[in-house]
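Per TrEMBL, these features apply:
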DOMAIN    110-230  domain 'Glycosyltransferase RgtA/B/C/D-like'
TRANSMEM  89-107  transmembrane segment
TRANSMEM  119-138  transmembrane segment
TRANSMEM  144-165  transmembrane segment
TRANSMEM  197-222  transmembrane segment
TRANSMEM  243-262  transmembrane segment
TRANSMEM  326-344  transmembrane segment
TRANSMEM  351-370  transmembrane segment
TRANSMEM  382-400  transmembrane segment
TRANSMEM  407-428  transmembrane segment
TRANSMEM  481-501  transmembrane segment
Amino acid sequence: MKKVFLSVIIGIFFFFAGILLIPGIRGTNNDLRYYQQSKNREVGGPFESSGSTSRYLLTETIAEDRRIYFSQEEAEFASPDVVGKDGKYFSIFMPGVSFVGVPFFKLGEVLGAGQIGSYLMNTLVAMINVLLIFLIVRKKSNNNWVGLFSGLVFLFGSNAFAYSFFYTQHHLSTLCLLIGIYLVTFDRNFINNLLLGAIYGYAIMIDIPNIFIMFPLLIFAFSQHFKIKKAEHSISLSLKYSFIYIAIGAIPLLAGIGLYNYSLTKNYTKLPQFIGRTETFSQEQRKAPIKTTVKEKDPFEVNTPFLTRNLLNGLYILLISDERGWLVYSPILFIGFLGVIAGLKKKHSSGFIQTLFSIFIVNLLLYAMFGDPWGGWSFGPRYMIPAAAVMSVLIGYATFHYRKNILYVLFVVTLIAYSSYINTLGAITTTEVPPKQEAAYLTSHIPYTYKYNLSLLKENKIRSFFYTSSLVTVISAFDFFIIYWSVILMLLSFSFSLAIIHEKDKET
């Protein structure tokens with residue numbers, strides 16, 4: 001009976017978290033179908049970013065016409081993230097998001113709102129990511145409330161919140177990562193390995209950098225296949241050959257990527273990204289990723305977008321800058337470092353903690369070396385959303401170990417209030433914040449930090465369907481934001497309170 005009651009209470013928390021995502025759904029003119037019909041790319045709308053429009057257009061063309069090429073009019077709508085080759089246009093992105101969005105588009109189309117259905121896929125995945133963080137932390141701590149708090153921190157305390165309402169790769173990439181993390185908490189067998197391989201293959205279909213971000217998981221999973229037996233005068237090492245099922249699981253997805261590439265580029269290994277964006281639709285080039293200039297190119301240098309010379313500036317941008325840094329947008333995530341310290345003290349969990357930290361480091365270094373660590377026009381460090389999920393798991397470790405420390409409690413309460421404030425701001429306004437070096441040359445001044453979001457809010461320029469359809473004549477957008485953030489903060493505070501007052505469980 002106690003377990004049933006506990007499950008009901010946890011279910012209520014998840015239900016309210018889901019309800020709190022409703023105000024982020026975009027719509028205007030009392031019509032959820034407005035953007036699908038008008039293809040309006042205004043700031044705050046679902047099509048404000050080509051990172052969403054290009055992927056969505058591929059979903060729409062597959063669902064309606066069973067084609068992967070764009071007409072010139074469609075390509076102009078999706079620009080600048082469009083490739084032109086042999087007189088044909090197609091999305092520059094990997095197709096993983098667009099493929100999964102097709103059934104959601106079809107479901108939405110039943111109500112005449114295919115765009116809403118497609119975008120709700122990411123909102124649903126965001127909630128599944130919360131559930132996965134909850135399951136991972138609960139499995140490692142045997143504490144439901146610490147797991148619940150960790151999941152809610154990821155959703156409302158990071159820019160994962162803002163990107164829950166757009167058609168980008170971030171939440172699906174994070175989903176694959178979290179499923180992989182959850183799978184390696186179990187004993188290795190052919191089913192787990194097959195699933196891990198399939199998830200890894202699909203993660204690559206979503207975004208190429210996932211090859212590297214998820215690689216520490218594969219190393220950890222491979223290490224779990226070794227078994228050392230110590231005898232009185234000898235040591236034996238055995239290897240379970242079920243690890244080959246990881247490769248078997250990945251092969252069909254990798255083959256699918258090859259076939260998709262061939263249908264576009266006539267080459268199984270040539271990605272659309274290798275061709276580059278078309279310059280036909282130059283009016284949107286201002287939102288394309290920033291190109292760094294190099295004085296002299298070494299003819300022997302490997303052709304890659306990841307350069308060590310960008311590392312220091314990239315680390316600054318992603319971690320501490322006022323443009324995109326975690327320190328400004330999501331300082332609560334730094335608590336995860338305390339989780340690393342706490343976890344490494346336990347011998348039985350050190351390998352798992354090292355793997356999580358390795359994923360964070362790979363994610364950080366990969367995009368710190370990228371020519372565009374800003375992520376173009378974006379809100380917070382969008383490339384670091386998978387790392388934010390990892391740090392949220394580590395926050396669970398920190399909370400489990402330090403929850404009786406009053407300084408820790410006060411520090412977390414302060415950081416979660418600030419982090420949720422900033423990210424709620426991004427969730428109901430826009431994710432299109434320019435980098436500093438672009439903002440300086442705009443004809444109309446636009447702040448390069450979350451102050452831009454504040455200015456939109458104070459001007460009542462938000463496209464929340466919940467607000468515009470029912471509250472716009474009742475309260476100002478800013479008052480709506482304060483109420484919305486306050487309710488989110490109450491949910492976070494209540495879950496944290498339960499995490500710190502619950503009797504300590506046995507860690508696994």
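Using the three backbone atoms N, Cα and C, a Cβ is placed for every residue, glycine included.
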* Asked: Counting only pairs 6 or more apart in sequence, are there at least 3 Cβ pairs under 8 Å between the transmembrane segment (481-501) and the transmembrane segment (326-344)?
  -> no
* Beyond the flanks of the transmembrane segment (119-138) by 6 or more, those residues with Cβ under 8 Å of it -> 10, 14, 17-18, 21, 24-26, 46, 52, 56, 100-101, 104, 108, 144, 146-148, 150-152, 154-155, 160-161, 163-168, 171-172, 174-175, 178-179, 181-182, 185, 389, 392-393, 396-397, 400
* Asked: Hey, does the transmembrane segment (144-165) touch the transmembrane segment (382-400), meaning at least 3 C-beta pairs closer than 8 angstroms, sequence gap 6 or more?
  -> yes
* Structure fact -> Within the same chain, the residues 6 or more beyond the ends of the transmembrane segment (197-222) and with Cβ under 8 Å of it are 93-97, 99, 169, 172-173, 176-177, 179-181, 183-184, 188, 243, 245-254, 256-257, 271, 273, 351-352, 355, 358-359, 362-363, 366-367, 383, 386
* Asked: Which listed stretch (144-165, 243-262, 351-370) has the most C-beta pairs under 8 A with the transmembrane segment (407-428)?
  -> 144-165
* Structure fact -> Taking DSSP H, G, I as helix and E, B as strand, the domain 'Glycosyltransferase RgtA/B/C/D-like' (110-230) contains 90 helix, 5 strand, 26 coil
* To do: State the residues, same chain only, that lie 6 or more residues beyond the ends of the transmembrane segment (326-344) and have a CB under 8 A from a CB inside it; answer 'none' if no residue qualifies.
  => 153, 157-159, 318-320, 350, 352-354, 356-357, 360, 379-381, 384, 388, 390-402, 408, 411-412, 415-416, 418-419, 422-423, 449-450
